[in-house]
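Taking it in order: structure first as structure tokens, then the write-up.
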Amino acid sequence: MFALRTFAVLFASLSALAAATPLDARTNPTTTVTVTAPASTATVPAGQCNVSNQQCCNSVEKASSGPAALVLGLLGVVVQDVNVLVGLDCSPITVIGGGNGACNASPVCCENNSFGSLISIGCIPISL
């Protein structure tokens, strides 16, 4: 009988403790991104961009625009300069692989702030 009461008290105590534990800190981490490239709509030659940073993006927008802000929010990314350009749905521009360095969308040079091919932060348009 004593063991049953001890178990009941222990179970009730642990249940109350689990219910009082906040989940927000574990489930919603944020990432702050500081972009060193200025927000620019000027086009620069591809030769001024590191080859590994050249991207072909389906859309290039300011971080404050609707689609970009939505993706950044869902990823938990906070961009300090909301006027910085971000590329959405990007892929690397490479000569290897038969692409001949071509881009049928928006060629940009982005900092190494990317989240897969979903979004690249700190982009500047380039001319190929």
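Every residue, even glycine, has its Cβ placed from backbone N, Cα and C.
What Swiss-Prot lists as disulfide bond is Cys49-Cys109 (among others), and the listing cites similarity to another entry. The Cβ of Cys49 (disulfide bond) lies under 8 Å from the Cβ of Cys109, Ile124, Ile126, each on the same chain and at least six residues away in sequence. Classification of Cys49 (disulfide bond) by DSSP places it in coil, neither helical nor stranded.
The annotation disulfide bond is assigned in Swiss-Prot to Cys56-Cys103 (among others) on the grounds of similarity to another entry. DSSP assigns Cys103 (disulfide bond) to coil, not to a helix or a strand.
For Cys57 (disulfide bond), applying a Cβ distance below 8 Å and a minimum sequence separation of six or more within one chain yields Gly87, Leu88, Asp89, Cys90, Ala105, Ser106, Val108, Ser120, Cys123. According to Swiss-Prot, the feature disulfide bond maps to Cys57-Cys90 (among others).
Residue environment of Cys123 (disulfide bond) contains 30 other Cβ atoms, counted within 10 Å of its Cβ in all protein chains. Taken from Swiss-Prot, the feature disulfide bond applies to Cys110-Cys123 (among others).
Neighbour density for Asn50 (N-linked glycosylation site): within 10 A of its CB lie 10 other CB atoms from the protein chains shown. The N-linked glycosylation site feature in Swiss-Prot is assigned to Asn50 (among others).
Taken from Swiss-Prot, the feature N-linked glycosylation site covers Asn112 (among others), and the record attributes it to sequence analysis. Note: Asn112 (N-linked glycosylation site) has non-local neighbours Asn53, i.e. same-chain residues 6+ apart with C-beta under 8 A of its own C-beta. Reduced to three states, the DSSP call for Asn112 (N-linked glycosylation site) is strand.
Residues or ranges marked as signal peptide in Swiss-Prot: 1-20.
Cα of Cys56 (disulfide bond) to Cα of Cys110 (disulfide bond): a span of 10 Å. Long-range C-beta contacts of Cys103 (disulfide bond), restricted to its own chain and to partners at least six residues apart, with a cutoff below 8 Å, comprise Cys56, Ile93, Leu128. In this structure, the C-alpha atom of Asn50 (N-linked glycosylation site) lies 9 angstrom from that of Cys110 (disulfide bond). Cβ neighbours within 10 Å of Cys109 (disulfide bond), excluding its own Cβ and spanning all shown chains: 24.
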